[in-house]
Amino acid sequence: MNSFDFLLQGLAAAAQPMLLLYAFIGVLLGTMVGVLPGIGPALTVALLLPVTYGLDPAGSLIMFAGIYYGGMYGGSTTSILLNTPGESASIITALEGNKMARNGRGGPALATAAIGSFIAGLIATLLLAFLAPHIVRLALVFGPREYFALMVLAFVTVSSAFGDSTLRGLTSLFLGLALGCIGIDQLTGQARLSFGLPDLLDGVDVTTLAVGMFAVGEALFVAGQHALDRDQVLPVKGSIWMSRRDWARSWKPWLRGTAIGFPIGAMPAGGAEIGTFLSYSAEKRLTKHPEEFGNGAIEGVAGPEAANNASAAGTLVPLLTLGLPTTATAAIMLAGFQQFGLQPGPLLFATNPTLVWSLIASLLIANLMLVVLNLPLIGLWVKLLTIPKPWLYAGILMFATLGTIGTNPSSFELGMLMGFGLIGYLMRMFHYPVAPIVVGLILGPMAEQQLRRALSISQGDWSVLVQSPVAAVLLTLAALGLIVPLVLRALGKGEVLQAVAADED
Amino acid sequence: MSDRLPPHTDPVPGPAERPPEPHVVHPSLFAVAAGLAVIGAVMLWDSARLSGAAGYSNVGPAMFPRIIGGVLIGLAVWTAISTLRRDFPDPHPSAKGPILWVLAGLTAQLLLLKVAGFSIATGLLFALTARGFGKRNLAVTIPLGIAMAFVIWAVFSQVLMLNLPAGPLERLFFGTTP
C-alpha cells in the first residue's frame, strides 16, 4: 500500500464521531489557550496534557494534534491584535499584522493569517504523509551511531547555531543534559545524581520542566517586569473579509512561505521562527509595494504565517519517523506519546500504523476545523485577549500546578516545578534561551543510550562514530554548526544569526 | 545583508529582543558563573562514586555526567571571562516584591495541598499570584480562587478521572471517598 491508501484509511478512522469530537475539543482548547498573551504552543501543549490523560491513546493523540495546530493559530491572533507575540514564531506577524490592525485592517490581517495557515498546514501535512514512509525506510537502516550523530546535530541547531550567543545557548543545553542524567542509568541500573532521594530515581519529568520553565518562569518574569501595565488590544474594525486585491497579494506569499517553512521544520534545524524570518525577508524583496513594509503590508503577514505553520507540520516529520524532537513543543509531544508507552519512530509505523495514520489524518481535519472556527469566533478570541494580567497569570499558575498534581500528587514534584520556575525566571533575566534546556532533557538520555550502544558494538572503539558515511556527514554538519557561528560572531557578523534567534519553540 | 533583516520595533521584552549593551560589570553574572561551576562540580563528585561497570563499551554510567560536568565548568569560566570583557548583556531589571508574592503562593499550595485539599491550596495560590500582579484585596480573591479551584477539582477529578488530593471542602460536597 502506498501513502495515499494509508492516508485514506487514516481519514476513515479519524472520521469516527468520537474522534472528530476529540479533534474539535483539542482545536478549541488549543486556540483558546494559544490566544492568551504570553502562552506559546509549547506551553499550550504542556498545560493541556493532563486533559488527555483519561482518554485512550488514539483519542488523546488526536486531541493533542488539534491542540498543537490550535495553539499555532491562536498565537497569530494575539500578535496581530495585541503586539505581544504569544510565541516567538509570531514575532514577524506582529510586525506587519499589528500595523495593519492599527490602520483598521485587522480583519484582513487575521483572515490572511488564518487562510495562509490553513493552506500551509494542508500542503505541509500532505508532504508529511508522503515523505514519512520514505524516511521511515531510511531510518530502518540507521544504527545507534547514526542516531547519535543526528542527535548531536539537533543539539547544535537547537542551542548554538542560531540565536545571539553560543555561550548562552550551550549553557542552557548542558543544563538540560545535566538534568537528563538524574535518575536510574538505563544500561546499568545505577542511580545517578539522585542524592538518596527516591523521588529522583525516575528522573526529571519533561512536562514538569517545560511547565516550570514556560509557565512559572514566565509568570515570575512578567510579575517582576511590569505587573501593572495593560497592553492595548486593538479593536477589529470594518470587514473581516479580504478584498480581491488582498487575495491577489496573498496567495503567492502563502505558497512561498510553505516552501520555506516546511523544510526548515523537517530538518533538525531549530524552531519555526527561522522560517518566518526568511519568509519575511523574501517577501520584502519580492514585493511590488516596498513602501508598505513596516506600515502593514499584507504579504508580511501572509508569508511568515504560512511559513510558521508549514514549519510546525515539518517538525512532526523527525518526531514521528525518527522519534527525534527538535523543538520544545515536539519534546512535550514526545512526552505525550510516552505516557501511553508509545515510542514514535520507524517501529511505530510498523506496529501501530492505524494510530500513526489516523493522527496524520486528524491533522488535516484539525486544520480544516480551525479555518472554519477561527474567523467566526474572532469576537470570543478578542475577549480572551482583554483578560487582565492578574487573573490571566493566576489562572495560568492554577492550571500549571494542576497538570503536575494530576500526574504526581506530591509536594516534591510541586517543589521541583517551583525550582524550575525560578531557574526559568533567572534564565529570562540573563537572556538565556529556554528551548535548549527542554530539548536537552529529553534528547540527552536518548543520545547517551545510542552512544553507549554504538560503543558496545564496537567494543569501545570511538572511531566507529565516523566510519559510517551518514554519521560522519551529520557530525561534520554539527561541528560546522558550532564553529561557523562562533567565527561569524567573532568577526562581528553576528547580526544575521541574532535576527534568526531560535528561542522558545 | 543587514538591511534585509526585519526591524526590531517590538516594545515588549520579546524572546528575540536585542539584549541591551552592557555598561558595567554585573556582580550577579559572577553568581551565575559560580552556580554553573557548582552544578558541574556536583556532577563530577557524584560520578566519582559510580562503579565502572563499563561492559564491552569501556564507557560506564559515569562517562556522560563527567563530560557534562566538565563542560559546565568550562562554560562557567567562559561566562566569567565574557562578563569581565563586558560581552554579556545586562540582566533585565526586575522588581522583588511581586516575585515574592508569587513564590509565596506556590509555597502555600505546596504545603497545604495534602492537609487542606486541592481547592483551598490552589485557591490561595490564585489569590497570592493575583496579589503579586497588583490585585490587593485578598478578602475577594481568596474566596474567588477557592471557588474556581473547586470547580476545576470537580471537573478534573470527577469527569476526567485525574487523581487530585481532596480536603475537607471536597469531602463536604462529594462524600468521604475522593
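Cβ coordinates are placed from backbone N, Cα and C, and glycine is handled just like the others.
Taken from TrEMBL, the feature compositional bias 'Pro residues' covers B:8-17. Here TrEMBL flags B:31-165 as domain 'DUF1468'. What TrEMBL lists as region 'Disordered' is B:1-20. Sequence annotations record features per position, and here TrEMBL assigns transmembrane segment to B:24-45, B:66-84, B:99-126, B:138-156.
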Task: the domain 'DUF1468' (B:31-165) - residue tally per DSSP class, helix then strand then coil - done: 102 helix, 0 strand, 33 coil
TODO: Grab the same-chain neighbours of the transmembrane segment (B:24-45) for me: Cβ-Cβ under 8 Å, and only residues 6 or more beyond its ends, written as numbers and ranges.
DONE: 65-66, 68-73, 75-77, 79-80, 83-84, 86, 88, 90-91
Task: Mean predicted confidence [pLDDT] for the domain 'DUF1468' (B:31-165) - done: 87
- [ ] State the residues, same chain only, that lie 6 or more residues beyond the ends of the transmembrane segment (B:99-126) and have a CB under 8 A from a CB inside it; answer 'none' if no residue qualifies.
- [x] 132, 141-150, 152-153, 157, 164-171
